Each structure stands twice: as C-alpha cells, then as structure tokens.
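As structure tokens, the structure follows; a few thoughts come after it.
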Amino acid sequence: MQNTTLHIRHLGQQDYESVWHAMQHYTDTRNNDSPDELWIVEHPPVFTQGQAGKSEHILNPGDIPVIQVDRGGQVTYHGPGQLVVYPLLDIKRSKIGVRQLVTYIEQSIIDMLAKYTINAYAKADAPGVYVDERKVASLGLRIRKGCSFHGLALNVDMDLAPFRRINPCGYAGLEMVQCRELGGPQTVIEAGDQLIITLSQLLGYQHLVHHQGLAAS
C-alpha cells in the first residue's frame with residue numbers, strides 16, 4: 001500500500017560518513033510501518049567511490065578525502081554549494097521498481113530546472129541529468145530489503161574544480177556545470193525547496209512533514 005506521507009529532514013551541512021552510517025542504520029532497522037524520508041544535506045569536500053568504482057578514475061585527490069561506499073556507480077565529488085538528497089523509501093511497499101525510481105529522480109530534477117527555462121535531460125546509458133552535454137546532477141543508489149538509500153547530488157553554486165581531480169562517474173573529461181551558471185536556483189536552500197516539490201509529486205506523496213536534523217536514535 002502506498003504511504004502518502006513523506007518526511008523531509010533538513011540536515012544543513014554534515015560530514016559524509018556520519019550521514020552515510022545514519023542512512024544505513026535507518027534502512028537496516030526500518031519495518032513495514034516506518035515512514036519514508038527525504039534527507040536534504042550539504043557535505044564538506046569529499047570524494048566517494050561507489051561499488052563499481054575503479055581506482056584509476058581518482059586522478060589526484062590531493063587533500064580531499066576518498067571514501068569507499070556501498071552505493072552503485074563510480075567516483076563523484078561532494079562539496080559545499082551542492083544539494084544532496086537522500087530518498088529513504090520503501091519501494092517494495094510503494095511498488096516502485098529500481099529503474100522507475102531512478103527515472104523519477106532524474107525527471108524531478110528536469111522538471112525543477114524547467115521552471116527556470118533550463119532544458120535538461122537524462123541519458124539512458126549514463127545516469128544523471130545533463131544540460132548541453134554537461135552534467136548538472138549525479139545519481140547513485142543502493143537498495144537493501146526493498147528500501148532505497150544514497151541518492152542524488154545537484155550542483156548549485158559550488159567550486160567545480162575538484163571534479164577535475166577525478167573522472168566523474170568513470171567518464172574521463174566529463175564536464176560539469178551548476179545551476180548558478182545556467183540561471184537556475186542560486187542557493188542550495190532554493191534548489192532543495194523546489195526539488196522537494198517536484199520529487200514528492202512524481203512519487204505520489206500527498207503530505208509532507210518537515211523536520212530539522214536527524215531523529216534521535
């Protein structure tokens with residue numbers, strides 16, 4: 001049965017590992033009655049290497065830490081000025097397939113950017129969202145016990161230079177772009193507020209409940 005309520009957790013800026021472990025804990029301990037949640041966060045500079053990641057795609061990390069994680073995909077960069085959204089959803093309960101969830105996430109970003117007259121699109125062979133062949137958003141999910149965690153990263157107003165220290169998502173020379181350059185949302189808060197609307201609508205949630213910070217464990 002579809003759960004029509006989505007809980008939104010606004011986490012502010014939090015270090016990557018603590019949020020990652022909190023996602024794992026929430027997913028491992030949830031049951032059939034646990035609410036679906038969307039976590040909105042920014043991370044300090046960090047490279048994360050997905051399960052398909054190859055070390056040769058990390059060219060010159062320098063002083064930015066590299067963390068091996070349990071999501072799909074290859075290496076990406078997180079940093080201040082980037083909107084990170086983690087959908088912690090019981091997709092088995094909602095009867096949403098993994099591919100369908102990826103499509104919904106990509107489409108929510110496309111729909112949000114369309115409000116700013118930005119023509120963004122997805123690619124069948126390279127998950128994420130693009131504008132004029134430049135990547136504005138990256139995706140990497142994990143499904144455990146029929147529930148999703150990890151999620152999406154949307155470049156809003158950030159230093160894109162660290163992306164040049166890696167082959168983003170395993171693609172050498174892939175050019176990144178951000179919302180500020182495109183005339184899109186200018187802040188992470190603005191982008192998050194808009195993306196919550198488009199994503200919750202596509203996923204079929206009718207009620208949104210907002211929280212500051214993580215629930216006490």
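Cβ atoms are placed via backbone N, Cα and C, with glycine included.
Taken verbatim from Swiss-Prot:
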| type | residues | note |
| --- | --- | --- |
| ACT_SITE | CYS169 | active site, acyl-thioester intermediate |
| BINDING | ARG71, GLY72, GLY73, GLN74, VAL75, THR76, TYR77, HIS78, SER138, LEU139, GLY140, GLY151, LEU152, ALA153 | substrate binding site |
| DOMAIN | 32-207 | domain 'BPL/LPL catalytic' |
| SITE | LYS135 | site 'Lowers pKa of active site Cys' |
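Positions of the features from Swiss-Prot, shown on the structure.
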residue : record                               : Cβ contacts under 8 Å, 6 or more apart
ARG71   : substrate binding site               : THR48, GLY50, GLN51, GLY140, LEU141, ARG142, HIS150
GLY73   : substrate binding site               : GLY50, GLN51, ALA52, GLY53, PRO127, SER138, LEU139, GLY140, CYS169, GLY170
VAL75   : substrate binding site               : PHE47, THR48, GLN49, GLY50, GLY53, HIS57, ILE58, VAL66, ILE166, ASN167, PRO168, CYS169, GLY170
TYR77   : substrate binding site               : PRO45, VAL46, PHE47, ILE64, PRO162, PHE163, ARG165, ILE166, PRO168
LYS135  : site 'Lowers pKa of active site Cys' : GLY128, VAL129, PRO168, CYS169, LEU174, GLU175, MET176, VAL177
LEU152  : substrate binding site               : VAL84, VAL85, ILE105, ILE109, ALA137, SER138, LEU139
When you measure from the Cβ of GLY140 (substrate binding site), how many other Cβ atoms are you left with inside 10 Å?
25
Pick out which of the recorded positions SER138, CYS169 has the most other Cβ atoms within 10 Å of its own Cβ.
SER138
Mean pLDDT for the domain 'BPL/LPL catalytic' (32-207), as a whole number?
95
Rounded to whole angstrom, what's the largest C-alpha distance between any two of ARG71, GLY72, GLY73, GLN74, VAL75, THR76, TYR77, HIS78, SER138, LEU139, GLY140, GLY151, LEU152, ALA153, listed as binding substrate?
16
